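As recorded in TrEMBL:
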- 54-79: transmembrane segment (TRANSMEM)
- 91-114: transmembrane segment (TRANSMEM)
- 134-159: transmembrane segment (TRANSMEM)
- 166-187: transmembrane segment (TRANSMEM)
- 193-214: transmembrane segment (TRANSMEM)
- 249-273: transmembrane segment (TRANSMEM)
- 279-302: transmembrane segment (TRANSMEM)
- 314-336: transmembrane segment (TRANSMEM)
- 356-377: transmembrane segment (TRANSMEM)
- 384-405: transmembrane segment (TRANSMEM)
- 411-435: transmembrane segment (TRANSMEM)
Amino acid sequence: MKELNLTQGSVPKVLLQFAVPFLIANVLQALYGGADLFVVGQYDDSASVAAVAIGSQVMQTITGIILGITTGTTVLIAIATGAKDDKKVAFTIGSSVWLFSIIGVLLTLVMVFFHGRIAELMHTPIEAMADTKSYILVCSAGISFIVGYNVVCGILRGLGDSRTPLYFVALACVINIVLDFILVGYFHLGATGAAVATITAQGVSFVISLWFLYRHGFHFEFTRKDIRLNRNLAKKVMTLGAPIALQDALINISFLIITVIVNQMGVIASASLGVVEKIIVFAMLPPMAISSAVATMTAQNYGAGLIQRMNRCLASGIGIALVFGVSVCVYSQFLPETLTAFFTKDAAVVSMAAEYLRGYSIDCIIVSFVFCINSYFSGQGNSLFPMIHSLIATFLFRIPLSYWFSQIDSSSLFIMGFAPPVSTVVSLLICIWYLRYTRKKVYLKGTMMPAMSN
């Protein structure tokens, strides 16, 4: 494996070098759900498209929880790496293996037993109910693969290796797309076939990643004795990761609530929402990749005590993310149908989705700031603030505005599209205030956050 030293060299160059594999890996990973929706849209009706859209939204919530908690592992490893504390890195990896094994089992049991009830709570259109339940059940059975894969990738990225996880995702993506066409296109298994393809691909990726770690090992001593549950380190992982997981979970739940609101507008609106959410997932990947790189780079420099370099990392991250955000927004204003038509042939869905995308795409610009600022604080061990301001913006602004806008015009999603950017502006204003409030303390003290301290 090739690890980057994130505490040396040109900040923009190193950040971009570390972020590019992140971005490509995230794009390929997003193709899991995107491929499902695309293939089902080519071979099945709107009900099947709605089933995959709703089911993948549920699984995205679960994946968000997993990714949030694994961020705790990534940041702890990055800080210890920056401080050149190999012993702590080994202990963190060992504790994470046990911790996430438990989490994987618990999440699987909960989702398998309650998949049907979850589909019903989503107010899934009756035409799509059976397929939605099937999609969620199959994906839930493979949650352990999702957990295992993300833990391995989190460990590697914390060490400064963002390239190796890319290879795992590329393999899984190819397998998923091939199986989608076989199971959905040839055997006509619909949403269930798409779910089987996704979970099989992730399972293979996880097994290959384990084999890689066993074969290549680490640059420091790591033995079976290190694989034990250290309560102190597990607590630190959860202290940092839980707020991020809760934030992602509640925000994804807010997406589910918005889905419920739109589902009551009919199957065309439901399918349109699903199409736009898939487009936005891809549009958000560049700022997400940049912000993830900012978090890891901030953590390593924080561990090394390089405060000025941390701040340059934040500024560089925002600048790079804006290039992508502005590009997506401008394109979506003039040619939205070229994007929405990619996922479905239904003319009504293409048109309604294009209206929604015009407003929603403005959010791509604003999140370039918010994502990077969130990662800047998370990299220092402060994941509580990003959670608080995100929940304020989501539950006090985004959801109420979405409902209100849906009542203003129930025949179109155009006005609803402005709810996300308005709520993100609220987040940005809070971030700017908090950044100015805390920056002086970081400059003067440069001390470790409580969650990261020894």
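Cβ atoms are placed via backbone N, Cα and C, with glycine included.
Predicted, not measured: the structure shown is a model, and the values here were computed from it.
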**Cβ-based contact of the transmembrane segment (356-377) with the transmembrane segment (279-302), 3 or more pairs under 8 Å** = yes
**Item:** Candidates 91-114, 193-214, 249-273, 384-405, 411-435; stretch with most C-beta pairs under 8 Å toward the transmembrane segment (166-187)
**Value:** 193-214
**Request:** Mind pulling out the one from 54-79, 249-273, 384-405, 411-435 with the most Cβ pairs under 8 angstroms to the transmembrane segment (279-302)?
**Result:** 54-79
**Prompt:** Taking residues 6+ outside the transmembrane segment (134-159), which of them lie with a CB under 8 Å of any CB in it?
**Reply:** 1, 3, 22, 25, 51-52, 55-56, 58-59, 62-63, 66-67, 70-71, 73-78, 81, 89, 93, 96-97, 100, 103-105, 107-108, 111-112, 115-116, 118-119, 165, 168, 172, 191-192, 194-196, 198-200, 202-203, 205-206, 209-210, 213, 218-219, 292, 296, 299
**Complete:** Ranked by Cβ pairs within a distance under 8 Å of the transmembrane segment (249-273), the first of 54-79, 384-405, 411-435 is 54-79
